[in-house]
């Protein structure tokens, strides 16, 4: 019978005994983990044989980097835009419609039209700082419309003067500060025409590949500023609108008008686009643009050579630049522009820093770094080393310590010392780590080899990081994979005492490992006995016994719990974290590197970044606002709203048809005029002068009323004296009416036109002047006759000619000449 058959028979018998004599209350469920599950590790016949290799050699680390000295110059890509001046020419027409009413003028439609200035007029601007006051517009049908400034029908020249509002990048010149406005006839519509020439000195920007350029005014030209008509540069604008002139003389700055300094432009372009004429100087692209720009010069540098690249190290910049080993040749004209500059820098640096102690080790080399920087490297070699290699005795005799102590050598030594110290520190640390690691691994392998003789499965499992079954076969190890059991079926028994076939526990014999029962995966649910080993390994059989030691306490680990057995009986289980860990791990301690203050490397400054943008939004908005404030703001507007009641009447009359609409218009205009008059009177009264005048007039009116009132009271008190003031005069004054010496009482006619009443005539000497009145009463007829006589007397006084009438009746000088020799005849005599 084979060994495996005997083993399985023993397991079957043990299972039968456990099923008969074991109580389920006498076992607990054992815990497990994923790293070390419950498993059975046995050695099969076909196993893998392995051994420990202890023949290991540890060699020290050595660096193979090659270092060389020198200095280098770094160029960066020029991201700044090509900036150049541009002039724009524009004529602005303003048509202002207005309606004049009584005391007010209403502004109606206002039309502003921009027209491009013709090239011949731009020549007048560039030579005399003037433009024409007329403009002609030709429509597609051939019709020509003309407009004149201030509607004077004259084509004069207008002088340009600077606008008050200007920005840093733009200067504008105009001819009309405020639009012209003429007051039309009363109650009629009229239109005023104003012309303004606008010339702007702006700044344009173009970015590589220069397919367009933008002005600081916000305008764009779709074409290269270097296009001359035949060089093949990109130009998308209509060529018929482009005019190119050579050897052009123009005023450089219009600020001084026609007295400004002139300059000769080799080639200038005029482009008419929309409502603006543009002009700019055409230059050669290779002469005006350089695609590279000097960034920095590292006067003390090192170059480390690796397998495929060079490392250019700078202590000044605290940076290293990596570049392929292949050098470059600058052939593009936009890049060869830096050749004269960097050759000059190389000579200056060498003469100022290295002329006494170093020599140039060959010519300069050009590299392109991984950051697209152009690096010009100039290698150096110490003169002492160079002369030593050449074997020159003369040079050896001229060696002087003073040359070594020069300032430039000290700077280089400091840099070299810093680099060497850093390199040696890192290389020594890495070398020591590598050698120590190698020696530690060698010793560890030796220890594992010796420990594998005691517990081969534990050693091999730790090496592989998973449970492995191992057995020592002579000088080699036989390993195999463990068989995992059903993890949920494993149960740990509480008692460690041996039970005989009759189910009686022994008092002297105990198991040295706890008993477990389990079942296999994907098999019959029969229970198999075993014993708990290390790291959840299940040992088949129950033959591992010992004599019971009383008292005793044993702790066995299973999964995440520690099971405590006191006197071979389970008492409690505790988490494995409650047991303190014996820390046998040795940590590696390395001193940190010394401090290194790194500089912030700004490849492009903020000014360069701002100049890299073609569109400068800030300047465009500033230009727009200043231009709007200067040209398109009317200082004052006179606007009077039509009264609401007039609109109501007009709406009512519109419902009456055409007649009502016309009548409503007349009423609206009339009401508006009356409203304007009333408003003017109210405004006059609100004025201090008008208010004072009205106060004086009120005082005069009050005085007049008082005088009239007093006179009226006097009339009421003495009516005869007030009505007939001449009645109080002496009687002799009456004779002056007739011109005789007697009192002649005129005849008084009846009211009905009857005969007159006779009045006696008396001589002057016989007149009754006593003034006495008879006491006899008068009849009504006598009173009536007296009133008629008084009336007749009053009329005679009123018919008396006044002095002004007599003066007016006096003949004039012409009449006297004309009627000389004649004598005027009295009317009464006639």
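The backbone N, Cα and C atoms fix where each Cβ goes, and this holds for glycine too.
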So which range, 644-685, 728-769, 770-811, gets flagged region 'Hydrophobic membrane proximal region' in Swiss-Prot?
-> 644-685
Rounded distance in angstrom between the Cα atoms of residue 307 (N-linked glycosylation site) and residue 155 (N-linked glycosylation site) | 81
Out of the glycosylation sites 155, 228, 286, 329, give me the one sitting nearest to residue 486 (N-linked glycosylation site) by CA distance.
-> 329
Around the Cβ of residue 155 (N-linked glycosylation site), other Cβ atoms within 10 Å, all chains included, total 13
Spatial neighbour of residue 361 (N-linked glycosylation site) that is closest, considering only the glycosylation sites 155, 228, 247, 286, 355 and their CA atoms | 355
Cα of residue 247 (N-linked glycosylation site) to Cα of residue 329 (N-linked glycosylation site), in Å and rounded, measures 38
For residue 329 (N-linked glycosylation site), the closest of the glycosylation sites by C-alpha position, picking from 155, 228, 286, 355, is 286
So how many other Cβ atoms are close to residue 228 (N-linked glycosylation site), meaning within 10 Å of its Cβ?
-> 16
Roughly how many Å separate the Cα of residue 155 (N-linked glycosylation site) from that of residue 228 (N-linked glycosylation site), to the nearest whole number?
-> 35
